[in-house]
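A.B. asks: Quick one: this structure, given as structure tokens, is what I'll be asking you about.
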Amino acid sequence: MGCVGIILLCILGFLGSALADLRMDFYSNSCPKAEKIVLDFVSKHIPNAPSLAATIIRMHFHDCFVRGCDGSVLVNSTSSNHAEKDGTPNLSLRGFDFIDRVKTLLEAECPGIVSCADVLALVARDSIVATGGPFWKVPTGRRDGVISRSSEALSNIPGPTSNFTTLRTLFANKGLNVKDLVRLSGAHTIGISQCPSFSDRLYNFTGVGDQDPSLDSEYAANLKANKCKTPNDTTTNVEMDPGSFRTFDLSYYSLLLKRRGLFESDAALITNSTSKSFITQLLQGSLKNFFLEFASSMEKMGQIDVKTGSSGEIRKQCAIVNS
């Protein structure tokens, strides 16, 4: 083949790749009401169940960290496959039925057009906005993955006991840097957890019945007295940003500097000078600045390893891969 032919193929390849990328208003022709359907449903229901916003943005995060943002976290296990949602990091996720209800509305409007991956990305954004949090751009055009394995959830998703080295590595594996790590951790400002995720910090940190010395002792005493009263408590809900857990604000970062981060992974953010300096910078800035920075990292995360063009599929039901 001549040089001109090679150059032409390269140009066509580039254009094909560009056309396959995510873009704003991807469904403007194929399903023009899609984003309004999502927004209307979220605006109607999330104000009555604001805690769902936290779990849905967490679901989006967990989805993107395993095989990219492809809706694989939504798939049910089968007799022959243990899916992501049944992996240890995802057992506390909820809100799957919320995503399914939105998908049902979209299928009624335009069957087989809007992916579950896009539904999750849009619902996550709109839910945070509905609770007074930041807005970020969500370009669409993601397609749904056909593989979902619980083992991959365990190996790719940062856990509550992760140290800084692990956090940095897992984020870097997805093209995210330390600044993204700090910004995205800010979603814990509206987070709620349960005692098993951190009770070892209170009762058995090194296996000899001791307490995590990096945890503020007064905060630890309060948790023991009012929340996780025994090491075996598995049901009590605990706010990750007590006193402000319904408000998307900067107080989570203030608590970190007071050694009152609930998880070991929260506390880890002040063990590294770079991440700690980013926390300080955020606290010195305005809430508007935090919203802008958080939005920047969410837009970046939402494009991790996306499937576009002819990759993957458009699931008819989010919990079931098309047959």
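Glycine residues also receive a Cβ, built from the backbone N, Cα and C atoms like all the rest.
Feature table excerpt (TrEMBL):
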- HIS62: active site, proton acceptor (ACT_SITE)
- PRO158: substrate binding site (BINDING)
- CYS31-CYS110: disulfide bond (DISULFID)
- CYS64-CYS69: disulfide bond (DISULFID)
- CYS116-CYS318: disulfide bond (DISULFID)
- CYS195-CYS228: disulfide bond (DISULFID)
- 21-322: domain 'Plant heme peroxidase family profile' (DOMAIN)
- ARG58: site 'Transition state stabilizer' (SITE)
A.B. asks: Just checking: which of CYS64, CYS110, CYS116, CYS318 have a Cα that is within 10 Å of the Cα of the residue listed as 'substrate binding site', counting only these disulfide-bonded residues?
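C.D. replies: Within 10 Å of the residue listed as 'substrate binding site': none of them.
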A.B. asks: Identify, in sequence order, the residues in the chain of the residue listed as 'active site, proton acceptor' that are 6 or more apart from it along the sequence and have a CB within less than 8 Å of its CB; answer 'none' if there are none.
C.D. replies: VAL73, GLU84, PRO89, ASN90, LEU93, ALA153, ILE157
A.B. asks: Where's the emptiest Cβ shell within 10 Å among the disulfide-bonded residues CYS31, CYS64, CYS110, CYS116, CYS195?
C.D. replies: CYS110
A.B. asks: Given the recorded positions ARG58, CYS64, CYS116, CYS228, which lie close to CYS31 (disulfide bond), meaning Cα to Cα within 10 A?
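C.D. replies: Those close enough: none at all.
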A.B. asks: Can you give me the average pLDDT across the domain 'Plant heme peroxidase family profile' (21-322), rounded to a whole number?
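C.D. replies: Summing pLDDT over the domain 'Plant heme peroxidase family profile' (21-322) and dividing by its length gives 97.
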A.B. asks: Pick out which of the disulfide-bonded residues CYS69, CYS228, CYS318 has the most other Cβ atoms within 10 Å of its own Cβ.
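C.D. replies: Comparing the disulfide-bonded residues CYS69, CYS228, CYS318, the most crowded Cβ belongs to CYS69.
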A.B. asks: Tell me the Cβ neighbour count for ARG58 (site 'Transition state stabilizer'), meaning other Cβ atoms within 10 Å of its Cβ, over all protein chains shown.
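C.D. replies: Total other Cβ atoms inside 10 Å, all chains included: 22.
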